[in-house]
Amino acid sequence: MARPGVHASTAWLFMLPFLLLFALFTLWPLLFNGWLAFHDYFIASGATAWNGLANFVFLAEDEQYFHPALLHTLVFLLVVPVLQLVALGMALLLRVNRPGIGMFRALFYSPVILSVTIGAVVWQQLLQPDGLVNWLLASLAGLPQHTLPDWLNDPRYALAATLVFYCWKYAGYYMVLYLAGLQNVPRAQLEAAMLDGAGAWARLRHITLPALQPVILLATLLATIAALKAFQEIVVLTGGGAGTSTLLVYAYYVGFYGQNFGAAGAVAFLLTLFCLLLARVQLRWLGENGLLRHGGVR
Amino acid sequence: MKRRDWLPALGQYAALLPFVLVAAFPLLWTFSVAISEDPSHMWHFPQSLWPHEPGLMWFSRVQAEIPIGRYLFNSLGISLGITIFSTLLAIPCGYALSQIPFRGSNALFMLLLLTLMLPSELAIIPNFLTFSRLGLVDSYVAVVLPGLASAFGAFLMRQAFQDLPQDILDAARVDGASEWQLLWRVALPQCRAMVSALAIFSFVQSWNDYLWPAVILKDRLKVPLSVGIFNDLTGPFSTSTSMVMAAIIVAALPVLIAFACTQRYFLGGDESAAAQRSAIGDN
């Protein structure tokens, strides 16, 4: 709609400070990663040189570090279905308002609020070889304690432990999405089904889940992108050792410690392309005219 | 409560129990270890879940050996700076995107949405190189600046202004108000809830951010709580679990209290739902 007396220049003036910072610290890094991916970069001298696809070849040949990192990132996608099941379960249990339900919601959300470093320090203690988790397992399963694993330092278990930590940290986030979605499940249908004698499972299967479909889709996409960029959670919990490094952990170490900024840029570039692909899907479903604009429902 | 409601209620609470155990058990254990002056039970299950010889000894050790007050002060300064300035920048940007027609408006909005979906961690290396060029490594400016242009904030404010009744704005325009006055005097007061939601989200996010401040700050006395506590607790003090746990409680308490006071923004109401849904890439 035309707005008499309102000039486009006013809009740019309003946005100017934001756009300057946005360009410098959000857009420039994206472009710079793309540029780095095809260059050698020496931070000390500031010298650069075009090297074609050498950085990508370096990645493809780095069987010792890059290949496992790629594999671990794919394994990390396991958290996506697990998080959805746990979060949906919590949301279903917390849907009906009863005394104390608000407290449970707050409790389940509290790991999301806490800093990832705080969570990691607590779990490092819990997961020590003589830590509380092993005591719990020993007394529940009756196993002698010295046969139980050193969760965070044993390559056979460290990735699994990291996944559990990740789910503990973020399940509450997805719970809130599902709680919001559950408010839009048609009540009349649920009550009609109840009168017709449909059991809890039938109601979930035929009324609740179909109504939740858009939210499930949204939460799955968000969780997928989040899992692909799993990074801080790993750096603080295991430091990326014991077979837990992912793509971003690799990029971080190869850049800051290996001084190979080109390879780091190449990883970032590849991940950006992949996320852009996912974002395309996401925008189609959730963009301006998609579900996001309309509250995630219909 | 009617009688027939008892059974499902009981079933509901029983089914919640395993979730409660997993969610609460780490925090409960942390708390009980921190206030137990006698640490000998801390690895025994289940005795470790309640305190032995409760007291504040470990807290005074923390206070004496970790500059936790300084970390808290740094965290507060950094988070407040990011929250205030990023909100102030996002408001006019969101307003322009929703209320003032200009060429490329849609494209710009799509660009903002797109960057929301990319991992912000990818910017760490380029931004570090930028700041080392500028000679600003180890400065508060470098900690705060990259967080100020929040695409998430601009997006959220645009949605808020978009939903305003157009008549009110047009009436004010007819009365001769400039767009700047319109924004601050007419539009913004009606979006107060969204502004507070945005402010709370950015505060929590910047308070908890670890990686960027850890990369850019070198001086031990400059770092925020999330970095300082992690460095100290996994380094020099990691051998005393009781002290680690006491420090964790000190670090977590302000956040938990703030959360308890503002939880409706996280757990209920429309703003929270909208904010959560669009918090793409912000967890």
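The backbone N, Cα and C atoms fix where each Cβ goes, and this holds for glycine too.
Quick look at what TrEMBL annotates:
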- B:12-35: transmembrane segment (TRANSMEM)
- B:71-95: transmembrane segment (TRANSMEM)
- B:72-262: domain 'ABC transmembrane type-1' (DOMAIN)
- B:107-128: transmembrane segment (TRANSMEM)
- B:140-161: transmembrane segment (TRANSMEM)
- B:243-262: transmembrane segment (TRANSMEM)
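Stretch with the most C-beta contacts under 8 angstroms to the transmembrane segment (B:243-262), considering only B:12-35, B:71-95, B:107-128, B:140-161: B:12-35. Sequence-remote contacts of a segment are chain residues at least 6 beyond its ends whose Cβ falls under 8 Å from one of its Cβ atoms, and for the transmembrane segment (B:71-95) they are 140, 143-144, 147-150, 153-161, 179, 183, 187-188, 195, 198-199, 202-203, 206-207, 213, 222-226, 228-229, 251, 254.
With a threshold of 8 Å between CB atoms, the same-chain residues lying at least 6 positions outside the transmembrane segment (B:140-161) that come near it are 77-78, 81-82, 85-87, 89-91, 93-95, 97-99, 109, 112-113, 115-116, 123, 127, 131, 134, 187, 191, 194-195, 197-198, 201-202, 206, 209, 212-213, 216-217, 222, 224, 274-275, 278-280, 282.
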